[in-house]
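*Asks:* Quick one: structure below, then a few questions.
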Amino acid sequence: MAQALTVVERRPVDAGASRTGRPDLLEKWRGNHLLDDSTFHSYLARIGMHEQELASILDGGPFKPHHASLAWLPDAMALLFDTPSTHESPPPLDELVIENTQLGELPFAGLLADVVAHHSAHLRDLAGAELFTDAARAQMLSALAQRLGSVAIRCLLAELSRWEGYERFDSALRSRTIRKEILERYPLLARDFVRIGRMWSNSITLLTKRLRDDLPQLTRVGLLDPAPGRITRVTLGAGDHHDGGKTVVLLEFENTQRVVYKPRDTRIYRFYQQFVECLAPAVADTITLRAPNVLARDSYGWVEFIPHAEAGETDLETYLRNLGASAGVAYLLGSSDLHLENVIATSTCPVPVDLETAIQNHARTSSSTANDHAIARLNGSVLGSGYLPVRICIENQGPIDVSVLTGGLAPAVYRDVLRIVGAFTAHMRIEYQRQQVGKSRNQPPGMTLEFARKNAKIVSEGFRTVYAAALERRDDLLRVIARAENFSFRHLLRPTRSYSLLLQEMTQPAYARSGVSRDNLLNRLWRLARERPEDADAIAVELSALHDHDIPLFYAELDGTSLLSAGREVRRGYFATSGRDALSSRITNLSRQDLEFQERMVLESIAAATAGPTSAEERPTTRTSVPAPLGPMNPRRMLERLLQRARRDAIVGEKDVTWIGVTTDVTNEGLEYRPLGTTLYDGLAGVGLALTYASTLVPDAWVAEYARRALTPVHHHLNDWLVGTAPLPVGGFSGVAGFLYALTHYAAVTGDRAWEATCRAAIRKLKRSICDDRYLDVTTGSAGVCAVLASHPALENDADISACVRAAAEHLLANSLHLSDGSRAWAFGDERVLLGGFSHGATGIGWALARAGAFLDDVEVLQAAREALAFDDRLFDPRLDRWADARPEMRGRDGYQYPIHWCHGVSGIGLARLAASKLLKDDELRRSGLRAARTVHDAGLPPNDSLCHGSLGNWVTLHQASLIEDDLRPLAHSFGESALQRIHTVGDAPGLPEGIQTVPGLMLGWSGTLLTLCQMIAPEEIPHVLLLEPPRR
């Protein structure tokens, strides 16, 4: 049982004399989370050991238990090895859900029923037990059984495989001998049983005492009628468990009234009421705002239960206006975490029911990186509260919208979730199953995604109304803040989901064998110390909570600057100023200019949430407004103005820079408003590339400096990929090859070789990573590797480069399909669709293979390139002189679409054929490419100006064609002039849906315009990124 002790609970005995420790154990222990020496030394200081002592513990050396660290052991012996017959049988259990699976009975009851029975006596002897019906007591025991089962299920399933049948094993679990064997293998199970049972008992006792004491006051404030009767239903675990197993509890009485018990400071609810009441006179004619009623006590409180709207009760336009107003209140307070699970849709307005994060102290002395500054700015914006579209990513399964406005409105969403299969049989196991995501109560009946999108302006009107009311009543709001009693509010140190994932993984058998192994898992928390050293003090609190199977809880006080947890100071001076002063400053700094900025974010975030990047390619776009008058059109002046905008919007860190805008999310399945990522496609690599070339035309020193700063996080991300802490695809626009493209261009232009060693190490790892590539295409896959590495003049005669290009080409050939007509294609996605086009299809891969074949002088690769380039002929319609877009999501009622774009249409196919014709010496490809260029010209200007699927991308194709055929030069020139004139007159339109203007990225936004202007000004000096051309100097 002593193996259940954690590292810090073990004191090594004569570590130097008995065991010197093995360096490899220390290296493995440090892993990727204690990698740097500074973090590791901080870790050693906090566990009170030096390296030799830690190495001795890891090597199994002798140790003494820390004082009182085995105090749980007698309880574990009594709990697990007392004669079962001494326990009363527990009441029947109901609503038992373990691993997302509804179970009709307690699994492995041979062991777990005795643990539950042991604690059932606590309910019988509980002072105040008469308040609960038998059904309510059964529900409380069910909550305990559910937690115990969730902790034990994986270990017991691992043991089940040793037995012939579930019933035989379950019966054997009643044997002391079998229990002893199992608990010797999993000693942490015994410790967890004691912890969870003790916390459950304490929580029930405290809840019951507080309820008995407060019943008269609950009636006085209107939360209950004078005689509500006994409690018929108890929902324990209505929220996460914190601070010794405490959790939100929903109580229902015999008169059907319900009330919510909150085991934390609820005075913030009272403040929220006062704040809303202060705004009410200025908005009463048009807006309804509502706050839950509350009885706030010392360190806990009782909150009104808010019922969900019934069908037919809600006027949806009025509701959306009130939602915008509620989002406005949340912005005024600097709220966070008011997502769909924390807000209830009533018949008139959304009501926030979890207000513990309704105030946030944003006055942090935070990290010096630009990304952290950008996140802080977003967290303090109207997007920070959770009312407006917010997406979280579920591991390897894509994003889910968790916002109040649009969360839950998407068509049925299915996710792979862990579930119990074959329950109560010999084949009982846990595996992923496809399951529909449940609905929350944040949406009124009848609301749809389309309705929310069409009425985005109504939402913004509600926001504007409340903001204007705050400007009008600013002095009154400041008095409310000044007079408010001191109270605490929660501070989210890191996403709650990261803790939930650790808690789930803790239940794996490997982490129940030893406290040391569990510590090794939880070492992942130390990565936070590497990223934000000022948060290292909080890790001990997090570890203690997680060992108790709790979600760590941190908070601050309105009148304090310290970070607190469980009544203790975690870090003094964590905030730059008190919460009261920070909130007063926030209200004082409200302005008309800020209102316009926040309202734009409201509209853009809604537009981004209601369409993905694929559909954006076909949708009309909104142009960015530009100051007038502009004077005569001048590309160089346009370049300078665009650079001024880039500088104005930049968020500068100590050594880097970033921008906030709408980009593709981390899964490339949707759009979101966030700080830029690192990709070439729409991240910092692309912006850095554009600024690199702009610095050759504009002498201002800041341009070159910002180029380096923009690429610094790209270099860091590449380093993280090298050491295995950040997975990346390999491709040319959204992967490692794109990083290499941007970094090597910067080096070629500036002569700065500081990142060369990292780039070469990345090339060596790329060769090993190619075999895992499943994307294959130019944008994200191996074709992008071929295109980038096979064309860089500085990389000729380099064995590593050649080996990497060959590996990529062979991987492409091995995963291709040779079709009956002699063409070659690749199957993409779950539907295994054969795609053409440049960015994700056979044409782009064929062009990349042509480049690789010429680089390698490989006849087989060159022939494969010809076959791949021939695939799109299957999709060609000679009547339209265009190629079809074969993506299933783009097929309409009338069949295929035939776009003009670079990404999936005529422009990209023509560009690829022109470029490949030179490498393959193929006149037919050249003629086809020139014909495509004429089609691009004849189609006119697309509605947006992006490189991916807009006017500037199409100009690149025309420009390349004009270098081959003189007759096309006037057409290319006139097309470019028309595009520039439109940008000059009404501003550049990003390649995203209507309503989205803030788009910094290369392929969709203003940095693509910036780079294209450079090309138009100096065509001999600036390479074309759409062809991933090498540097020209």
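Glycine is treated like the rest: Cβ placed from N, Cα and C.
A quick note: this is a predicted structure, and the numbers were derived from the prediction, not measured.
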*Asks:* For the region 'Disordered' entry in TrEMBL, name the matching range from 11-33, 609-631, 977-999.
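*Replies:* When 11-33, 609-631, 977-999 are checked in TrEMBL, region 'Disordered' belongs to 609-631.
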*Asks:* Suppose we draw a 10 Å sphere around the Cβ of His949 (Zn(2+) binding site). How many other Cβ atoms does it contain, all chains included?
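*Replies:* Other Cβ atoms found within 10 Å: 27.
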*Asks:* Under a three-state reading of DSSP, tell me whether Cys903 (Zn(2+) binding site) is helix, strand or coil.
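*Replies:* The residue in question, Cys903 (Zn(2+) binding site), is coil (DSSP, three-state).
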*Asks:* Fewest neighbouring Cβ atoms within 10 Å: which of the binding-site residues Cys903, Cys948?
*Replies:* Cys903
*Asks:* Where does the mean pLDDT land for the domain 'Lantibiotic biosynthesis protein dehydration' (186-556)?
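*Replies:* Across the domain 'Lantibiotic biosynthesis protein dehydration' (186-556), the average pLDDT comes out at 93.
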